[in-house]
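The structure under discussion appears below in the form of structure tokens.
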Amino acid sequence: MTARESGSAPERAVWDALDRVRDPEILQPITQLGMVQDVRVDDAGHAHVSILLTIAGCPAARRIESDTQAAAASASGVTSAAVTVGVMTPAQRHAFTERVRGPGGVRPQQFGPDSLTRVITVTSGKGGVGKSSLTAGLAVALAAQGLSVGLIDADVFGFSIPGILGLSRDGTVAQPTRVDDMILPPVAHGVKVISIGMFLGDADPRTTAVSWRGPMLHRTIEQFLRDVWFGDLDVLLLDLPPGTGDIAISVGQLLPNAEVLVVTTPQEAAADVAVRSALVARQTGQRVIGVVENMAGLTQPDGTVIEVFGSGGGSLVAQRLSDEEHGTVPLLGSVPLSPAFRERGDAGDPAVLSHPTDPAAAEVIRVAAEVAALGRGLAGRSLGIATR
Ligand SMILES: Nc1ncnc2c1ncn2[C@@H]1O[C@H](COP(=O)(O)OP(=O)(O)OP(=O)(O)O)[C@@H](O)[C@H]1O
């Protein structure tokens, strides 16, 4: 009989309450992860819970402790609750990683051809077109629709995802938790996020330039796909650097089943370079699922619209990517310029959650729903049983 089963009625009530406490990085109940070591409730109704964390001072520690305290205190028959926090032994930590990741051995790369996760890379020809803002907005909107979402910020030279999602403050970027060789990504607004910007050690990302050559970039992306534990995701988004460089080619090789979203501005003169970035992805076997135009007409308070970047670029790119071999590539949406959308992004508080009626946010939410509805071509893939 387990400690849980042999406990008194109030102790069992505390265990039940603890089933609702989820590890904020793994998003699974701490009871299932072996993190609850002991539960006692004395005759006066005072509960005492001992929990074990993977490593001392892990970023999620305070939250787990306070959630545990609140859950225990809410259990029936309990009048007050205290929590003791300990650290797992190496053996306990090993059992923990096996529980999370499955039994050991050589870890395959996640999201390979047999994976049921949709992998969507977001690319653009030019920089500064709002690719990172849209990728972050789409990820948060998809998570808000109930999907399990991961996001890899592979934009080495211009990583901005941690800032947009509130994982970076005053030059300090949230760090992933490392449990032995397993890397747990921080979770922001329901999205598991990993960024090159989280691997700069003590360097201030505001003043640190990442100048890695191709092989180093390739290894980093490979490590993200192998050692970062994302769990069972419905969708993994990748924010790629603009253009057609080394990372785009590495991602194409590592994730040949990925789908591609192309972000461009309404400026027709920018179409060529956006089309080229999509063609590189196509050469590596990826499928372009659509184009999203960003920075479209800005509506003035009097209702008039200023087209700062002209118009027509999005549909031109979609048209140029559509042909007999690849079918019609749709223009999935046109996101207007919006000061609130930018301000919320700068503040790390995505507008798709905080200002969902903002015209840009509303369009990103609509595009996310459309992307989710596009589903994924499962032809030729084995449908393994996904365990949750
Ligand atoms: N629809 C929009 N309305 C207003 N501002 C926007 C919009 N989309 C993006 N921006 C702003 O434009 C700037 C550039 O956006 P972002 O960093 O997302 O571009 P990017 O294409 O990822 O750039 P790079 O790849 O060069 O890093 C940011 O300040 C962002 O807040």
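Cβ coordinates are placed from backbone N, Cα and C, and glycine is handled just like the others.
Residues or ranges marked as ATP binding site by TrEMBL: GLY125, LYS126, GLY127, GLY128, VAL129, GLY130, LYS131, SER132. Classification of LYS131 (ATP binding site) by DSSP places it within a helix.
Positions annotated as domain 'MIP18 family-like' by TrEMBL: 12-83. Per-class residue totals from DSSP over the domain 'MIP18 family-like' (12-83), listed helix then strand then coil: 21 helix, 20 strand, 31 coil.
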Counting every protein chain shown, other Cβ atoms within 10 Å of the Cβ of VAL129 (ATP binding site) number 25
CB < 6 Å to ligand 1, subset of binding-site residues GLY125, LYS126, GLY127, seq order -> GLY127
Among all chains shown, work out which of the binding-site residues LYS126, LYS131 has the most CB atoms within 10 A of its CB. LYS131
Long-range neighbours only, meaning 6 or more apart in sequence with Cβ under 8 Å: which ones does SER132 (ATP binding site) have? ASP153, ASP155, GLY158, SER160, ILE161, ILE164, ASP239
